[in-house]
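Record features, source Swiss-Prot:
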- 5-113: DNA-binding region (DNA_BIND)
- 146-166: compositional bias 'Polar residues' (COMPBIAS)
- Lys276: SUMO cross-link (CROSSLNK)
- Lys300: SUMO cross-link (CROSSLNK)
- Lys78: N6-acetyllysine (MOD_RES)
- 93-166: region 'Disordered' (REGION)
Amino acid sequence: MPITRMRMRPWLEMQINSNQIPGLIWINKEEMIFQIPWKHAAKHGWDINKDACLFRSWAIHTGRYKAGEKEPDPKTWKANFRCAMNSLPDIEEVKDQSRNKGSSAVRVYRMLPPLTRNQRKERKSKSSRDTKSKTKRKLCGDVSPDTFSDGLSSSTLPDDHSSYTTQGYLGQDLDMERDITPALSPCVVSSSLSEWHMQMDIIPDSTTDLYNLQVSPMPSTSEAATDEDEEGKIAEDLMKLFEQSEWQPTHIDGKGYLLNEPGTQLSSVYGDFSCKEEPEIDSPRGDIGIGIQHVFTEMKNMDSIMWMDSLLGNSVRLPPSIQAIPCAP
């Protein structure tokens, strides 16, 4: 036969009214507000007979502790008492008045009016629903994707898969598709395709496709040979000038040379190399200026002959009969 014991709320009221536990007192008896000493066991000056007296009395009342049979465990006594207080529906903590730190730590609670039978049933049903939802969430969280895939792979399929398809409706489906699909002749399809191709406009990819490709004509052989003929003609003219030329003696800086007068006229072919004569200046040194000008003119003519020789190179060679003969001074 189970032993009946007093519930926690009336037992707690009896302990407060007895004034046997230090620190357990009413703060406001009309509002049913009271305080419980809640000093931590690690604090200096903590005493098991003074600070853990209420928790030990509750452990003895519930039968979890018997003096002389078990070793004292104030930490477990306090944890069990706190869980019992939080489970009471008609007692709540006044957190703004509680002090959880220091040597004078206390917790303040308020006793609510007793619940009726209907309120107790509603509260009990609500708590049971919450418990069921928590268990469902826990079960869903425990099931991992690996276990789910293993369960799918473990399911075996029958060897005969003919039962998955309904072959009796295959012919009916084909007949329905034939009735719905209109019959199109191949001539109509080909004509529509041809019209569609005719309406298409081909757009060039770039601007180069807008103009026709034009190829320039190849040069004729007569035009290509004109340059060679002109070069040959120039060489012949030069040879004629050398053959018709006459050599004349001249003196420069006391040295005698033969000067080819007609050869100095080659400037008409390659350009005018003659200097413009300056007007005569009436001065006592006029004769000296004229002599210097004549010397520079002769030197220029000699330079033009040497330039022509380097230009012609191997293409035009002087005949062996024409040679520069130095004159004795």
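In case you wondered, yes, glycine gets a Cβ from its N, Cα and C as well.
The average pLDDT the prediction assigns to the DNA-binding region (5-113) is 89. In the DNA-binding region (5-113), the DSSP tally of helix, strand and coil residues is 39 helix, 21 strand, 49 coil.
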